[in-house]
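*Asks:* Below is a structure I'd like to ask you about.
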Amino acid sequence: MGDIARQAPDKDTGEDLYQYLLERITNLENRNLELREQFRQMESEKRYIETQKIRYERELRKLKSEIEQLRSPPLVIGTVTDVVDNNRVIVRSSAGPRFLVRTSQLIDPDLLKPGVRCTLNQQSLAIVDVLPTSYDSQVYGMELVESPDERYESIGGLEPQIVEIQEAVELPLTKPHLFEQIGIAPPKGVLLYGPPGTGKTLLARAVAHQTNAHFLRVVGSELVQKYIGEGARLVRELFELAKQKAPSIIFIDEIDAIGAHRNDSTTSGDREVQRTLMQLLAEMDGFENRGDVKIIGATNRIDILDRALLRPGRFDRIIEIPLPDFHGRLSIMHIHTKGMNLGENVDLAEVARLTEGKNGADLRAVCMEAGMFAIRSEHETVTQDDFMKAIDKLSLDFDKHHINTSYGAMFA
Ligand SMILES: Nc1ncnc2c1ncn2[C@@H]1O[C@H](COP(=O)(O)OP(=O)(O)OP(=O)(O)O)[C@@H](O)[C@H]1O
């Protein structure tokens, strides 16, 4: 800046003036370049911040809607038994008793016929909505996929577990005659247990892909919490649907929410869970080992599961899905960086070494975050430095989360 502001020479000799102007132009050009570079950096920073803003806004929207859902009280399910007039109907609640209830003006009176199922407000018992009569995977939060896209190649590590599940689920579906020939009954169900984010759902989806089976996924906690008194019915309908769509694989995530061992407490919530578990056991006992419906359960808490679930003829194969070791982590890194443009200096083995104790979902996040760092610094490829920054950032988030949850526990 000092150079730019320099005074013009006193003497007005042509040579001096020429030198002075030349120097000044060079200085101004340099300064111009500097400012352009600063501008470019600020632009890229701005772009990065905008992307982050969009991400956080999306996350905020998701959390807000989750809070809304958690705040809204659960609805009671009932069946219309009689229509009194346009405003009043008699409904039998799923818990047993019959009530004369009012209907909302928003509900088309033509829909309210005897036999129709509806949801009722837990306190006023007014009819809130009419449920469709057919199986509706949306209503029950049931996920139904014709044949998922995941393959065994998308799973890092877990080689022995893949072999076990191939024997227990894939072979009985694809080559049932092998079991007949030898004269043994194939397992009906397989239980996958291990820490979160280690690939249990991924494995179940890959088997469904390999066997061209329908994949029906339900979450244990949702079965008993979403619609009071409906858990047992949902389990029955889930199995009926699976038989209709066979070959199919039923995947029950968080099975501990319905299958924890029973104690003597008899709150209505406990009774609901018990009824649901009883129905699950009855359904499992009621179908053929050699049939083309298989059940895969998943849990993070095998220690609290009711032994009844683990008896022969139910979940008779138990497979541990542990946190990945070094080779597992390396192979997961290879899978998740497959589509990424990696720089020559990238050393995935180093990344795998530095992420001890992390699960597959964490490693996927490291790859995403490294990609974000590369975009931010306008690299054409993702460098080792980007991976290091991503590990630092995620370890930090992980620790923060840890601190938050322990504070949460302290204040709870
Ligand atoms: N072994 C793995 N190989 C490749 N990717 C993995 C692996 N484990 C986890 N992931 C990644 O993490 C994501 C989440 O994993 P997944 O849902 O299968 O975990 P989970 O064990 O079912 O977790 P939870 O117990 O929380 O339901 C997967 O979609 C995948 O992208």
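Glycine residues also receive a Cβ, built from the backbone N, Cα and C atoms like all the rest.
OK, TrEMBL features for this one:
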{"type": "BINDING", "residues": "GLY197, THR198, GLY199, LYS200, THR201, LEU202, HIS336", "note": "ATP binding site"}
{"type": "COILED", "residues": "18-73", "note": "coiled coil"}
{"type": "DOMAIN", "residues": "186-325", "note": "domain 'AAA+ ATPase'"}
*Asks:* Please give the greatest C-alpha separation between any two of the ATP-binding residues GLY197, THR198, GLY199, LYS200, THR201, LEU202, HIS336, in angstrom, as a whole number.
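*Replies:* Roughly 17 Å, rounded to the nearest whole number.
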*Asks:* Give the residue from the binding-site residues THR198, THR201 that has the most other Cβ atoms within 10 Å of its Cβ, counting over every protein chain displayed.
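*Replies:* Result of the Cβ crowding comparison: THR198.
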*Asks:* Test of understanding: give the count of other CB atoms lying within 10 angstroms of the CB of HIS336 (ATP binding site).
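*Replies:* Here the count is 21.
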*Asks:* Give the sequence-ordered list of residues that share a chain with GLY197 (ATP binding site), lie 6 or more positions from it, and have CB atoms under 8 Å from its CB.
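*Replies:* Once residues fewer than 6 apart are set aside, GLY197 (ATP binding site) is near ASN359, GLY360, ALA361, ASP362.
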*Asks:* May I ask which residues of the same chain, at least 6 positions away in sequence, place their Cβ under 8 angstroms from the Cβ of LYS200 (ATP binding site)?
*Replies:* LEU192, TYR193, GLY194, ASP253, ALA298, ILE321
*Asks:* So which of the binding-site residues is most packed in, judged by how many other Cβ atoms lie within 10 Å of its Cβ, out of GLY199, LEU202?
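*Replies:* Going through GLY199, LEU202 one by one, the largest Cβ count within 10 Å is at GLY199.
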*Asks:* Mean pLDDT, the coiled coil (18-73)?
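*Replies:* That stretch averages a pLDDT of 88.
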